Amino acid sequence: MVAQGACRSLIIYRCELGDQGVYVCDAHDAQSSASLKVQGRNVQIVRPLEDVEVMEREGATFSCEVSHDEVPAQWFREGSKLRPSENVRIRQEGRTYTLIYRRVLVEDAGEIKFVAQHAESRAQLRVKELPVSILRPLRDKIAIEKHRAVLECQMSRASAQVRWFKGSVELQPGAKYEMVSDGLYRQLVINAVQPEDEDTYTCDAGDVKTSAQFFVEEKSITIVRGLQDVTVMEPAPAWFECETSIPSVRPPKWLLGKTVLQAGADVGMEQEGTVHRLTLRRTCSTMTGPVHFTIGKSRSTACLVVSDVPVVLTRPLEPKVGRELQSVVLSCDFKPPPKTVQWYKEETPLVPSDKFKMRLEGHMAELCILRLRPADAGVYRCQAGSAQSSAEVTVEVREVTVTQPLQDLEVTEEGCACFSCELSHEDEEVQWSLNGTPLCDDSLHKITHEGRRHTLVLKQVQRADTGTVCASSPKVMASARLEVKGKPVVFLKALDDVSVEEWGTLALRCEVSDHQARVVWRKDGMELGPSDKYEFLYTAGTRGLVVHNLSRDDAGLYTCDVGTDETHAHVSVHDLHVGITKRLKTVEVMEGESCNFECVLSHESTSDVAVWMVGGKTVGSSGRFWATRQGRRYTLAVQDALPSDAGEVVFSVRGLTSKASLIVRERPVDIMKPLEDQRAMLGEDVVLRCELSQEGTPVCWLKDGKAIRKSRKHELLIEGARATLVIHAASLKDSGEYTCETESSKSTASLRVEERPNQFTEELADLQVEEKGTAVFACKTERPAASVTWRKGLTELQTSEKHAPSQEGLTLRLTINALEKADSDIYTCDIGQAQSQARLLVKGQKVLITEDLKDLEVQEGSSATFCCRISPADYKPVHWFLDKTPLSANELSEIEVQPGGYRVLTLRQLALKDSGTIHFEAGDQRTSAALQVTEKPGVFSRELTDATVMEGEDLTLVSQPVRFREGLKDVEVLEGGAATLHCMLSSVAMPVEWRRGDEVVQPGGKYSLRQEGTMLELLIRDLRPQDSGQYSCCFRDQITSARLTVQALPAEFLGRLRSKEATEGTTATLRCELSKAAPVEWRKGAEILRTGDRLSLRQDGAVCELEIRDLTVEDAGEYSCVCGQEETSATLTVRGLPAKFTKGLRKEAATEGATATLCCELSKAAPVEWRKGPETLRAGDRVSLRQDGALCELEIRGLVVADAGEYLCVCGQERTAARLTVRALPTKFTEGLRKEEATEGATATLRCELSKTAPVEWRKGPEILRAGDRVSLKQDGAVCELEIRGLAVADAGEYSCVCGQERTSATLTVRGKDHSVIVCVSFRPALPAKFTKGLKNEEATEGTTATLRCELSKAAPVEWRKGPETLKPGDRVSLKQDGAKCELQIHGLVVADAGEYSCVCRQERTSATLAIRALPAEFIGRLRSKEATEGTTATLHCELSKEAAVEWKKGPETLRAGDRVSLRQDGAMCELEIRDLTVEDAGEYSCVCGQEETSATLTVRGLPAKFTKGLRKEEAMEGATAMMRCELNKAAPVEWRKGPETLRTGDRVSLRQDGAVCELEIRDLVVADAGEYSCVCGQEKTSSTLTVRDLPTKFTKGLRKKEAIEGAMATLHCELSKAAPVEWRKGPETLRAGDRVSLRQDGAVCELEIHGLTVEDAGEYSCVCGQERTSATLTVRGKDHM
């Protein structure tokens, strides 16, 4: 509605048929009316739809064009209206309508119809199916005869049609074969398998097929003659023979223990009819164990015993005596050489270690006990088979004493303290400690051990070290006192003389040698104390004095005294000089914001008053202005700035002045509270609201980019700062995107209008129905249901004879026929938008027991029959129990159904334990009877016989005792089956006891115990691997045992993976279930999955679960769970979330001819569409569309004014918009007018050309020309033409073409018919133009626009220059001239634009200086934290507001470009690249530009270190040095081990690591150093063996002849090259320690001591060590020869 003066207008946009009618303009006193008739548009299809044929999963596009704009249209497929979705996109561009299928499925094929009002177009969508492929082929299958078998394969498409073949014969479904299609899976079920079913089965899917072999295992084959136990002595052969009931087609399986035997040189297998033989041609003792024969389900087991040749002891062990810390050797000989021996100490088995070294060489077994301790004394035993020998080892304990104690010491601080002591033995080690803290050899402590002396040197001792020094060992301890005296305190740095300003601060500092020292400060001899005037500083070794508010009285001599030393300083005070050190700076703020102005003086001036002026007015601390002073700093705060505050800000104090400008920009209207997405039901009113920053601001409402006008449908309201759109009676067409737009901002939200969900008006009701009856569930819906699903529990029901669903109008029914108790459950009716549930309870059929059971008493071993009668006679099910144990039909229990409702139970071969109560249950009826089994009378297996004896003779009567005539035998069966253990007594006896290990087996559940005469039997059902073990049958002191081995069946998938669909960013869980707990492996395609940040692999028993968090589109694919040879797969589909704009487009302004770039950023990479208004942009000569991941860019080159407008970037339903402004360049004449001469009456044409198309004005002199009869004005693009026809003499003159400020002129001369010439002459003054107003100096801020102006005395051409350079108009430079006024304008100022500018007009010139205030560079694109893997490359980016120098830092450290680090800068883009990342590269990185800084964290995930070079086997001689070396792929900490023991650096062991190279060095090798060494780094490990070849022991000091007196003591000494066991002999006789003889060995020193010498002791004595020997003669003189 428009009002212009007295005129009132009503404009109706986009008229519709509903708009026609009578319209009235009512002006109170006057009215006027008119009728509007709307003629319907004849909409026609200009370009119809075309048929499309595509391959499945490809995209399909339908497009058509209509004759009119803004025509509502709809799309249909097979009559159903299409709506936009993830797969279906509907677009409109002008008159073109497009339907896009992103991914076509087979079911999408059909007729596509487009309807626009009364016009329509149809086309066919044809979809070619992809060829079917087989994802999982058939596998060979073995089935048991008369059982059910299933062959299964997996197809790529659920709709794939397959045919099944047996050989070449196609199979048809029936009682024998069932063909099942379950999603992607195809199954062939073969019922009641027979041997003739063996063949090759094929599943044919047309393009592909898969085949597998099917085998039938005969169930009837049994073993009629089993294996027999065999005992042989190695290496004799062993034979086993077994006979089956029928000849076997398939070869049997022979096992020795758990090893499957194959025919070969040592193993022979043969079959003759039903007889099978196994020959083991060469046996050894290790083959002892069970031999198994398996064929079909039958098995026979026998025991093979291979006995060794008996071992005999030929040389026993001898007792040994050794001193503490020495070694002893025990050795004995066996024959023949044993394979293994076992050493014992007392009854404890010994194993090789650092303590015990064991050797078995040929016949000899040897045990070496190293470094004896008192605890090592005892009896040692060596056993080989049944032969053994033992001997006693005695250990002589030594006494250790301190021979020279520690001495107390007193030393000076920073000095050294040396403590030493001596012990009685050289090999006693001590531990040093200071004040209870253990010490080790390092840079501050030196510990040495030389002989019996132990020394500790403490270096650089401190006063805190005062205390007790202690040396201790397990046997002795010595201690001493350490006193540390402090050093005298001195000044390390003296005071300096200083001169300071009045009112300033004085700081004096000096350094002392003792951090704890106390000092005294004096001024002119007077001691100073702490106060407001004086402040004392104490920091580490520094002492300071600070004097505040200095005056001339503070000058003088200052002294610092530390007691033992002092230092002086002379202080002078001079006058104060005040100046401004920091001036005011220009501030630019938004209206309503606050700002501060700050000025800093060189010194504080408390007596002077500062004055602030804003815009010429003095302001103080009131209202919106607040002036403060803090020391030298003066601040003016401006609150809630107004446009009137803009102007000059002046600060004055003490005659000093500083000025700056306050610039206040008006605040644009912003949307404070945006629109929110809404969902509404059909017919509801919808209210969309947003809040603005200013009240009363007009807004524009749009739906899907089209403006909304106020109408009955739409109500537009503005209440204060709130803008409201009300949509009445929302329809499905109202769904879409709504936008509220102001001049500077906008807010968008989506509205989704949905139909009300269908609901149940009558719910399902619970039912109770008798068994075998019929149940009917019924419910009603509000509207007819499109789809109905019935479920029982979680199982979906299909139409069958059992379940019959039906639908009549609004009523839904489910009929369940022939009810059973198993039908009891919760039933659900699901109509998609709602569910209804009810419970069905099936009550059992009523039954009566008309005749009860009767009690029975029978004798053991006989049978018992129980009978009862029920009504009805055919009632099922019934159950029999013995006590609480259910009874079923087997060889001992027979259950019969006889006519007349009789039920009979017969129990055979009853035992005493079978006594109990027999129960019969039918429904809720029960009857019971007692069963009493009595013991058989005892029977002797061997009767007593008559005997006749003589008086006085002994009489013996014998009866045969009961024993096991046949023992238990080892059994091996498959998991899930049953095993029976048999044994037989010599006669009938009671009771017996069965055991599993030490546990007594009780009947019931898994176990059944049976005794039939002398035969005993244990039946174990439902076998599991944990049932394996030793089982025994015990009778009194008789026992027989056997081992049961249960072979585990491979796990199978009971619950398979199911395909899932999930949304990006959520969590998906795939779950499957095995037949039993077993390890599994998860895969995605061929890739094996591991637990990580987003993946969790869980297994709870047999249930396996894969959980993927924070789903991405890349996570979609096929996932598999693999357990051995079993596998289950499923597809995970990830619905991608729509990408959103994280950074929108920004307004851009550029100059005509330049290049403009529009950028935006999405939340993730996604395809986008660029538009200018409604027009879609395509890449071309001037337009580039680029996309790098989520970053989208539109570049327009060679801009023209027509390029200005609103540009949009659209991604799905998301969009962002910005306006591009193009500043037009001034138009210039590239070709001017030329003089023309023509004859009167003819036609004259004047032509000129512009730099671009622009409107022009033609003039003759000052008169403007208009097109008429004789004058034509033409313009073709940039070419302008003036044509004058029928020339007259008056047409002669000067003609001009004017375009803005530009002009071109020319003279037209007209020759009369009489040949006279009319000449138009222009006279111009010859005076030169002069500058009447010159240029003025200008100052501007970087990024703004600067304008330089001057004025001439008259219009004349000028030239602009910067320094010597002539300026030309361009993107940033505009040259304007309006008559005599000249103007130079520079846009987007940069610092380089500063300088001197001149305007030159011939010889005249005017100049001025342009100063540019540089803006500080700011980071517009900041660094972002990154995570990378070790060894890869990491790149950090940031962007400045302009080009400027930057500095990169890691923490406080400045980075420089190097081999791995690159620092790059391209204009304002800065980049740091780090190659070959290491873990040390992780940390915080910063980019610094002046005061600006941006930081980000780089996280480096370290790769595990791996060994690139492993350890190698080493061999060295005893006493030498061994070096072991390995190398990692990078430096990492390692741990060295010998066997399980961790190695540490010590006297003989050095652990070195140089980067990635690791070294272990062992010096002075001993035999005990031999063994396996490992280097461990995390989970990585490398190992190798070190072999030490021992040096032969030699005597370094031999025995010497001795002479002694009878009754005295004689000692013989010798010394070996190393400690080794020796043997002492006198002549050929080996000596043993006894009362008079002592054999001692201290390391390598050996000693023989004989007490109470007798003459018989004289002779030659020898000490023997291996092959080495030393001898000497002992002479004993009798006492009568003294």
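Cβ coordinates come from backbone N, Cα and C, glycine included.
Computed from a predicted structure; not experimentally measured.
Database features, via TrEMBL:
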| type | residues | note |
| --- | --- | --- |
| DOMAIN | 41-126 | domain 'Ig-like' |
| DOMAIN | 131-222 | domain 'Ig-like' |
| DOMAIN | 310-394 | domain 'Ig-like' |
| DOMAIN | 488-572 | domain 'Ig-like' |
| DOMAIN | 757-841 | domain 'Ig-like' |
| DOMAIN | 1050-1133 | domain 'Ig-like' |
| DOMAIN | 1138-1221 | domain 'Ig-like' |
| DOMAIN | 1226-1309 | domain 'Ig-like' |
| DOMAIN | 1325-1411 | domain 'Ig-like' |
| DOMAIN | 1416-1499 | domain 'Ig-like' |
| DOMAIN | 1504-1587 | domain 'Ig-like' |
| DOMAIN | 1592-1675 | domain 'Ig-like' |
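Taking DSSP states H, G and I as helix and E and B as strand, the domain 'Ig-like' (310-394) has 3 helix, 49 strand, 33 coil. With helix defined as DSSP H, G or I and strand as E or B, the domain 'Ig-like' (41-126) counts 3 helix, 48 strand, 35 coil. DSSP assignment over the domain 'Ig-like' (1504-1587) gives 3 helix, 47 strand, 34 coil. Here the domain 'Ig-like' (131-222) sits against the domain 'Ig-like' (1050-1133); at least 3 CB pairs are under 8 Å, leaving out pairs fewer than 6 apart in sequence.
Simply put, out of 41-126, 310-394, 488-572, 310-394 has the most Cβ pairs sitting under 8 Å from the domain 'Ig-like' (1504-1587). The average pLDDT the prediction assigns to the domain 'Ig-like' (41-126) is 89. Below 8 A, the CB atoms of the domain 'Ig-like' (1592-1675) and the domain 'Ig-like' (41-126) form no more than two pairs separated by six or more positions in the chain, fewer than 3 in all. Under DSSP, residues within the domain 'Ig-like' (1226-1309) fall into helix, strand and coil as 3 helix, 47 strand, 34 coil.
Remark: secondary structure over the domain 'Ig-like' (757-841) totals 3 helix, 45 strand, 37 coil, with classes taken from DSSP. Across the domain 'Ig-like' (488-572), DSSP classifies residues as 3 helix, 45 strand, 37 coil.
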